[in-house]
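*Asks:* The active site, nucleophile annotation in Swiss-Prot covers 154. What Swiss-Prot lists as dUMP binding site is 133, 134, 178, 179, 180, 181, 189, 219, 220, 221, and the listing cites sequence analysis. Taken from Swiss-Prot, the feature (6R)-5,10-methylene-5,6,7,8-tetrahydrofolate binding site applies to 181, 278, supported by sequence analysis.
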């Protein structure tokens with residue numbers, strides 16, 4: 001069993017047995033019913049990417065291609081415009097969060113990256129002093145939240161650090177997430193930020209190191225318990241999924257494309273499970 005599958009099953013069991021019920025929940029299902037959930041707090045996982053440990057489950061198929069395209073929308077295009085995500089990348093799942101027919105998700109994610117010129121600043125800091133301890137991407141912007149409506153960022157902060165081991169520089173990353181739909185989005189969010197970590201490492205010709213993942217509120221919605229039990233019954237596939245970025249070292253961050261990524265040795269259990277999302 002891969003490390004990701006072990007952690008996935010452990011967290012599902014913990015939420016079902018030890019989780020508590022949400023109160024005054026904000027999300028709604030499409031039928032208008034309040035989307036309550038059982039949740040745990042303070043979930044943490046560590047993956048050593050350099051040793052082939054990647055945060056993707058084999059217990060159900062994960063839409064890794066569309067997930068990675070979202071990273072490009074946020075950190076390369078640096079926009080909140082849904083038309084770009086729809087037309088350039090063919091990704092439409094964000095459309096449910098459109099703000100009042102504006103064609104955007106509000107001043108969130110990519111708009112915040114552009115507003116603060118975050119990517120150029122991070123790359124400049126790492127170039128000038130890789131060992132500085134201030135490499136923080138934060139999408140939490142109270143001014144933007146007051147200015148426009150929209151879903152507040154779930155994965156809102158990632159920090160980077162480097163280590164020199166036997167002459168090689170490794171880039172580590174720590175993702176902090178305020179809220180996470182365990183069954184639907186956990187591995188999508190994790191792999192998105194692994195992809196970002198890989199892009200930055202490749203920009204400098206470094207190796208990818210460790211990926212640390214902290215979720216403050218990890219939950220399973222009340223319409224997902226049947227799927228949760230099915231996932232616990234499934235036997236994981238014996239394989240070692242790993243993401244590769246097929247570009248030369250020191251390829252500029254902004255020249256990397258979604259199709260440069262390839263997920264190898266990934267044979268998830270089928271059929272896919274269906275979920276009614278909470279909006």
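Any Cβ shown, glycine's included, is placed from N, Cα and C.
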*Asks:* DSSP secondary structure for residue 220 (dUMP binding site), reduced to helix/strand/coil, please.
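*Replies:* Residue 220 (dUMP binding site) sits in a strand per DSSP.
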*Asks:* Helix, strand or coil for residue 180 (dUMP binding site)? Use DSSP.
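*Replies:* In three-state terms, residue 180 (dUMP binding site) counts as strand.
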*Asks:* Measuring Cα to Cα, tell me the gap between residue 189 (dUMP binding site) and residue 278 ((6R)-5,10-methylene-5,6,7,8-tetrahydrofolate binding site) in whole angstrom.
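*Replies:* Just about 16 Å between their Cα atoms.
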*Asks:* Tell me the Cβ contacts of residue 180 (dUMP binding site) under 8 Å, same chain only and six or more apart in sequence, or just say none.
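*Replies:* In sequence order, 43, 154, 155, 186, 189, 215, 217, 218, 219 meet the Cβ cut-off.
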*Asks:* For residue 220 (dUMP binding site) and residue 181 ((6R)-5,10-methylene-5,6,7,8-tetrahydrofolate binding site), determine the Cα separation and express it in whole Å.
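*Replies:* That separation, Cα to Cα, works out to 6 Å.
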*Asks:* Take the C-alpha atoms of residue 133 (dUMP binding site) and residue 181 ((6R)-5,10-methylene-5,6,7,8-tetrahydrofolate binding site) and report the distance between them in angstrom, rounded.
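*Replies:* So the alpha carbons of residue 133 (dUMP binding site) and residue 181 ((6R)-5,10-methylene-5,6,7,8-tetrahydrofolate binding site) sit roughly 30 Å from each other.
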*Asks:* For 154, 220, 278, listed as recorded positions, tell me which one has the smallest number of other Cβ atoms within 10 Å.
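*Replies:* If we count Cβ atoms within 10 Å for the recorded positions 154, 220, 278, the smallest count is at 154.
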*Asks:* Reduced to three states, what secondary structure does DSSP give residue 189 (dUMP binding site)?
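*Replies:* DSSP call for residue 189 (dUMP binding site): helix.
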*Asks:* Inside 10 Å of the Cβ of residue 133 (dUMP binding site), count up the other Cβ atoms and send me the figure.
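*Replies:* Within a 10 Å radius of the Cβ of residue 133 (dUMP binding site) lie 9 other Cβ atoms.
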*Asks:* Taking the Cα atoms as reference points, how far is residue 178 (dUMP binding site) from residue 278 ((6R)-5,10-methylene-5,6,7,8-tetrahydrofolate binding site) in Å?
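*Replies:* A Cα-Cα distance of 16 Å.
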*Asks:* My understanding is the cutoff is Cβ-Cβ under 8 Å with a sequence separation of 6 or more in the same chain; which residues meet that for residue 181 ((6R)-5,10-methylene-5,6,7,8-tetrahydrofolate binding site)?
*Replies:* 219, 220, 221, 277, 278
